[in-house]
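Taken straight from TrEMBL:
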- A:9-342: domain 'UvrD-like helicase ATP-binding' (DOMAIN)
- A:30, A:31, A:32, A:33, A:34, A:35, A:36, A:37: ATP binding site (BINDING)
- A:343-618: domain 'UvrD-like helicase C-terminal' (DOMAIN)
DNA sequence: AGGAGTGCGCTTTTT
DNA sequence: GCGCACTCCT
C-alpha cells in the first residue's frame, strides 16, 4: 500500500485534522451534514494504512446496524481503490467487473472482516458470547454462551407477569410499562436489585426494587439477558475481573464512537473502562499506540428517553481531553461546514435551535446555494395533509427528471401518523415504511424465533411457553400451570420437566401425548444443533412442528401472508449465513434480536421513505416533508410542561429540518382525529420560531375535490411554485470554472469547463493524479468545496 | 380446550 | 378506532 494515501486530499482541513489524529483522545464536534462519516471511515483507513494498525485492534461503535454496514462498505471502497491504483495503476471502477469483485473480496477478508464495527449492543453481545461464563452477579446467577436476548416485549411481559401473578400487585398502581422503565433506568445507572433496594426508602421504590429482583432472577433462570444487560453485564464483568478487562483493553487499541451525544452513563463507563483499563487517575493512562475518538453533536441529542445524556459529550474534554479552552485545545476538532443542505434550510435550522438554552454555540457554515424558501402547508385535516404531500411528490417527480421516488421522505413524530400517508400513496407511488410493526415483531416471526431459541437455549422458558401449544396440540392453561408449578417447586427449569416423560405423564394427564410429542421434536433438533446450519434448522423445525401445515390449512389471506413471512425469515437466515462466518444458530439469533427495520432501508430502493424523526437521524433526502407540526403532537404533549423535554423536541425538529438537501416542506392540520374523535389543532410553536423571510405559505392549495383528479389537474395547480422550484433544483447544477469539488470516487477536482445550459449541463473536472473527467452533475455525486 | 363476542384504554420516540 | 384482555359459550 502507498505510504502517503492520496485519499486524504478529499478532506477539508478540519476533517483532515480529525482523520490524521493518531494517539490519545479526540472529540470531533460535527454539525449536521458536515461529513462526519467521512471523517470516521477515512480515519479508520488511515490508521491501518499509515500507522499500520491491525484492523482487529479497532473498535468502532455506531448507532444502528445499518450505519455499521455502511461504514464497512465505505472503508472497503477506500482500500479497494488504493489496491487498484497500486496493482493495476487504474481507478477501481475502470477495471473489469470481475476484477473489482475479486479485489473487494480480498480487501474484505484482510481488512474489513477483522474490524469490530457495530452497535454497542451487537458488539458486546458478541463479547459476552465469548466471556459470559466468567461472570457472576451479586446473587450468584450465571449465564452460558447460548443466552437468549429478550426484546422489549419479552421484557415487558415478564414484568407484567411478576407484578400481577407473582406479587399480586394492582397493575393500575404499578403499571408494568412504568415499572419496566424504572428497572431499565436502574440498570442504566449500574444499579443491581440490591442497590436499588438500598436506594429507595419509599414504598413504591421498594416494590419496584422487588419486582426488579424477581425480574433479574427470571432472566437468569431463562439464561436470558435484556438489552440493558448487554451493556451492564460487560461493565460489571470488567469491574470484577481485571484479567478479562485487560484482555479487551489490549485488544481494542483504537476506539471510535459515533453519535456520542446519544450515549448514556453506563455506555460511557464501558468505553472508559476499555480505554483506560480501569485506571481512574489520568496520570496513569498510557496513550501510546492507543486512542479514543468520539464524534457527536449535542444539538442532535434525541434519545434521552433511553437515558442518553449529552452532557457526556460536553464533558469529554474534562473526562478524557486536555480540558483547555477551545482556542488552545489539542483534543477537540469542530466540523462546521455543512455540505448537505441549502442555505435557507440551514438558516431555518439554526434559528430554531437558538431557542434552546442548553447548548454550546456552534456555527454551521453553508457551502451550497441559497435554495428555495421553505413551504408551510396548512391542511384541513390529516387526510388532506397526506393528499397534499403525495400530490406534491408526484408533481415534483414528474417535473424533475433528476428526482426519483427514493429522493423523497415523509417524516413524522409518531408512528401512528403513517396511516393516512399510506392510504394516499397506496397503488400510486412506491413507498416503504421504516419502523412501526417491525418484521421481527410479527407474531409468526416471534413464534419461529421462539422455536429456534428453545432449541439453542433449553432454559428459555419464555420461548417454550410461547410455542408449547402453537400450533394447537391440545395443551391448555391447566396443564401448563401444573407443569410450571412443578418446575418451580423443584427449582428446575420447565424444560427439565418437559424432557422427562415420566414427569409429563404424571402431570399432564390427557394432554400428555401432546406435551411429549412437542418435547420430543425440540429434543431431536437440540441434539443436532451443532451439526446443522441455522437455515437447515429453521426449515426443519417449522415444518416438523406442524406450524407450516397449520397455516396452510387455514387458507386465509392472513395465513398466506404469514407463510410468506416465515419463508422470508428463512431467506434472512440464508443471507446471514452468506455474510457472516458464524453460521451457528446462536449467531443468527443474536443478530435477529438486535436487528431493526432501518437496517433494510437500501439506497437503491426507489421508494418514498416514511419514518419517524428518530429513525431519520443520520439520513438525508433531497426533498423532505416534515408533517404534523401541531402543539401536542409535535412538540408532543408529554414534553410540553418540562423545559428540558421541550428542548429535546426542538432538537428533534432540528434533526428533521437538517435531513433536507434541496427542499423542505412543513405541514400542519387544522383538525386531526385523535382516538377516533376530531380535535382542533394549533400550529406548532416551532413554526413560529422560524424566520418569516425563509418561509412561504403561498403554495397553491390542492382542494380535496382535486385529489382524485388526473395528472392534468395536478400540473395546472402547481403553476405558481413551478418557477421557484425549478430554480432551486437547477442551482445545484450551476457550476463555474475554477470551482473546487469532491467526487465520491475521484476525490477533489477543479472545474475546467462547463458545457451546455439548462437541464443539459455537463462539466469537465480535473482531478489530481487522475486527469480530466467529463461528468453529468445531476448523476454524479459531487460536493462543492467552500 | 378453544372460539366468539364485548368492553376498555390507549399513543411518544428505540437498541 | 383499534388492539388486547377478559368472559361466556360450545
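Easy rule for this one: first residue shown is 1, then count along the chain.
Backbone N, Cα and C atoms are what each Cβ position is placed from, and that goes for glycine too.
Note that TrEMBL annotation is computational and uncurated.
Location within the structure of each feature annotated in TrEMBL.
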residue	record	CB count, 10 Å
A:30	ATP binding site	29
A:31	ATP binding site	24
A:32	ATP binding site	23
A:33	ATP binding site	24
A:34	ATP binding site	26
A:35	ATP binding site	23
A:36	ATP binding site	22
A:37	ATP binding site	17
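Close to the recorded ATP site, the chain also has A:297, A:335, A:338, A:339, A:340: residues not among A:30, A:31, A:32, A:33, A:34, A:35, A:36, A:37 whose Cβ is within 8 Å of the site's Cβ mean position.
Annotation note: residue A:37 (ATP binding site) sits in a helical segment as assigned by DSSP.
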